[in-house]
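Here is what TrEMBL records for this protein:
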- D204: active site, 4-aspartylphosphate intermediate (ACT_SITE)
- D204, T206, D579, D583: Mg(2+) binding site (BINDING)
- D204, K205, T206, E285, F326, K349, R383, T463, G464, D465, R553, K559, N582, D583: ATP binding site (BINDING)
- 605-856: domain 'P-type ATPase C-terminal' (DOMAIN)
- 92-114: transmembrane segment (TRANSMEM)
- 134-154: transmembrane segment (TRANSMEM)
- 645-663: transmembrane segment (TRANSMEM)
- 669-689: transmembrane segment (TRANSMEM)
- 718-740: transmembrane segment (TRANSMEM)
- 752-775: transmembrane segment (TRANSMEM)
- 782-807: transmembrane segment (TRANSMEM)
- 827-847: transmembrane segment (TRANSMEM)
Amino acid sequence: MTSPENLASFQAEITCEPPSRHVNEFNGNIEINGEARHFGIDQLLLRGARLKNTAWIFGAVIYTGHDSKLLMNSKRAPLKSGTIDVQTNYRIIFLFFVLVALALISAAGSEIWRGHNIPQAWYLSFLEHDPKGSFLWGVLTFFILYNNLIPISLQVTLEIVRFFQAIYINNDIEMYDVNSDSCAIARTSNLNEELGQVKYIMSDKTGTLTRNVMKFKRVSIGSHNYGNNEDDEFSDATLLEDVERGDKHAEAIVEVLKMMAVCHTVVPENKDDGELIYQSSSPDEAALVRGAASQKVTFHTRQPQKVICNVFGTDETIEILDVIDFTSDRKRMSVIVRDQEGEIKLYTKGADTVIFERLVRGSEQSVDWCTDHLEDYASFGYRTLCFAVRKLSDGEYEQWAPEYKKAILAIENRAKLLADAAEKLEKDMVLVGATAIEDKLQEWVPETIQALMAADIRVWMLTGDKRETAINIAHSCALVHPNTELLIVDKTTYEETYQKLEQFSARSQELEKQEKEFAMVIDGKSLLHALTGEARKHFGDLALRCHAVVCCRMSPMQKAEVVEMVRKLAKHVVLAIGDGANDVAMIQAANVGIGISGEEGLQAASASDYAIPRFHFLRRLLLVHGAWNHDRSVKVILYSFYKNICLYIIELWFAIFSAWSGQTIFERWTIGMFNVIFTAWPPVVLGLFDHPVPADQIMKYPALYASFQNRAFSIGNFSLWIGMAIIHSLSLFFLTYATMEHQVVWDNGLTGGWLMLGNCAYTFVVATVCLKALLECDSWTWPVVVACIGSIGLWIVFVIIYALVFPHIGGIGADMAGMAYIMMSSWTFWLALLFIPLATLMWDLVIKSLFTIAMPTPRELAVMYTKRTTSFNGFERLASYSSNVLENMRLLTSSLRGSTTGSSRSRTASEASLALAEQTRYGFAFSQDESAAVAQTELIRNVDSTREKPTGR
């Protein structure tokens, strides 16, 4: 046999006759070193198959390219743009039309002035025939004069701010994972603000919310509840002690341990170093087998139709007579075995709902004990299974077996015949115990989801796993609570799905009126119909009303379709987070895609916009970086609009006094340098150093996250900023005009002229704009103060150098010669520099005070709180609102858990019934793939773990 050591001489050739484009029709030959071997569909391994029970294999890659499953489930990476960018573009378009309107109005004003004044002023008669005096020429003149109303420098400023915001994310030590030695990575910077606008989160389950590591934690046998919740895995010495001393439950303990070691599809694998490894498609089953082994019942050999277990030091061979497979409808699995003593037994494990109704009469006491323990397990989110046994006579089994085999071979109504045959045997069973398995969530997942929901973010779970597993995890991670009503859509036809969605739509409206929480659970088959035709609208409306949605048994493309549907219907920012290649399509379809660099590789992280090592870092990424970046970027945008309008609209007011001639009030070079130099730094430091709310504050009160969205870039807020810019420009121009109305006369009898007015107004605008940045900053850090005050000083220094030096260099700025001395030698200028900006900003102080008193937002309350202001009661409302979900969950968990010991609790019959009703919502611990290529029955009948494996030597 060819081995890895002989790869140097390895040659292979593949032929396919006849050629086929369809994978299910493949038939060909592979020639390895001259030896031809036939292979077909039975030898085909699809992507994602796992290598088991052998150290190595030789294979050939076929069916690659655009027709492969991977590429057909993938989408071309889209070019994403942020919501803020789209809104900014609309604002710029609006300002463009304002610019055109102002140019038309000013040109009309020029025409009116010329018509009234030129005929009466003989010395201006030459203007009557001036070709530059036409209306169109006037429109062009004023269009150029006012063109700076649109902040061209905004995009450059934003890119600078976003670039450094991305660096903040990359270097946040709070999002560094020691175990994987990895940190958060911003793979793009133009979506930083989107992180602060998220309304829906679409999350994968396995590897994202969970570690996909199952741990056997507790076992209930009779009235005893063994194990504890503190240890990582099952740890309770009293279990084996009860067996050794012959406790009344000793026989049941041994029976449960044997069932855990026998009733499964696990395949053992013995390594060369003696280590025993369990290979299983179900991590739950592997956890049970390992749990039994930890209690001295070790399953170590599987052969066709039998298994060998070491039971307390002695090997026992147990013959497997038949297997009744697990299905989603049955919610249980059964094996018929013949034990060492020759006795035939039926071993059944499954959900409590299907086990309890098949027990022998007189089991009420056992059911009560078990129900009490199951409720305790459910309060911790454990995955539960009940175990029952029934002894069979030889005659009963021999009478039943032919009927079951006939059902297996049936062509028509096979599922019904199998179910009927199983029902004849799975009855009158004895309950022997129940187990609890913990599906290890990633660290802080429940707390993270609760915080996100408190921030008014809806969280959906999209997974390829079974419904019961998905519901289980939804409860474990606090996505849904025991008092949440689940609306389960599990139909297979379009008509049934449509009717179910209509029914639940009406039910959801009733629940909303009753103010009750409800969530929807839908599987892949129903989802296929729900996304089609008229059902799509019903599904979308229902899903958007739900507090949470769990979609299970989904394909990668279905995940992407759900994301796109929510984006279109809700018109909110949708975030998708996953860790595997099957999440790439969903990540690319979302407004913001988050990849987790986890156990399944880096495909998701590579295709994402942002990558994080663990799910719980999403909380800080959104609540801190998202909220900060959104607030900061919005301030940068609004501030850029404000400062441009504040300065350049003064040209309009000056036009009134300059005969609408198009004469500029400011010197041409200073106009161009306003955005480039003198006011370039205030928006940058606002975007980088402003802390709207301290990080620990917003992490503690997630409701603040929603307040940023409500106040940020709304039309009302934009209008307020534009209105303040116009008011400031009016105040700055007319106060300056009033100050200079009689002009300043120096000792030599000269006056300053129009540039004195322009330079003074320009100085006051720079001072006002910079002080405005300080007012809008929620935290006066030293970079903000230095940038704002320094910008004013920079203009003073510049105008001195410009007036002294540049007029003598090629005549640049000749009009500015001596203007610095003229302006700064006047006490009027210095007094006005103190008075006019402060008087102008009084408008802001008054309006801010009125808004804070009349309509304080959670953000303003938090800022007041951080400044140690305690003379208000509003913050208590904020704390109550934002921690409501967290407190409810804590109270609910405490009330459900009660005692964590194995002692029995006394309850009335109605309380026990209610507890059982709540517990059944948690699902149960099965995760087999019922439609796998190798059926459970075939695996048990044919696998031989003792067969020698290729060694490669």
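Cβ coordinates come from backbone N, Cα and C, glycine included.
Sequence features annotated in TrEMBL and their locations in the structure.
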residue	record	Cβ neighbours (10 Å)
D204	active site, 4-aspartylphosphate intermediate	29
T206	Mg(2+) binding site	23
F326	ATP binding site	23
R383	ATP binding site	27
G464	ATP binding site	21
R553	ATP binding site	20
D579	Mg(2+) binding site	29
N582	ATP binding site	24
D583	Mg(2+) binding site	31
## Note on the structure
recorded positions near G464 (ATP binding site): from D204, T206, D579, Cα within 10 Å gives D204, T206
### Task
Might you confirm whether the transmembrane segment (782-807) is in contact with the transmembrane segment (645-663), defined here as three or more C-beta pairs under 8 A between residues 6 or more apart in sequence?
no
### Task
Do me a favour and check the Cα-Cα span between F326 (ATP binding site) and D204 (active site, 4-aspartylphosphate intermediate); whole Å is fine.
25
### Task
Any chance you could find the range in 92-114, 669-689, 752-775, 782-807, 827-847 with the most Cβ pairs under 8 Å to the transmembrane segment (718-740)?
827-847
### Message
Averaged over the domain 'P-type ATPase C-terminal' (605-856), what pLDDT does the predicted model reach?
### Response
87
### Query
In whole Å, how far is R553 (ATP binding site) from T206 (Mg(2+) binding site) when you measure between their Cα atoms?
12
### Message
Using a 10 Å cut-off between Cα atoms, which of these recorded positions sit near D579 (Mg(2+) binding site): D204, R383, R553?
### Response
D204
### Message
Can you tell me which recorded stretch out of 92-114, 669-689, 752-775, 782-807 has the most Cβ pairs within less than 8 Å of the transmembrane segment (827-847)?
### Response
752-775
#### Entry: Positions whose Cβ lies under 8 angstroms from the transmembrane segment (92-114), at least six residues beyond its ends
127, 133, 135-136, 138-143, 145-147, 149-150, 641, 652, 655-656, 659-662
### Cβ contacts under 8 Å made by the transmembrane segment (669-689) with residues that lie 6+ beyond its boundaries
148, 151-153, 157-158, 160-161, 164-165, 632-633, 635-636, 639-640, 643-644, 647, 759, 762, 766, 769-770, 773, 776-777, 779, 781, 783-784, 787-788, 790-791, 794-795, 798-799, 802, 812-813
### Query
When you look at D204, K205, T206, E285, F326, K349, R383, T463, G464, D465, R553, K559, N582, D583, which the record names as binding ATP, what is the longest CA to CA distance in angstrom?
33
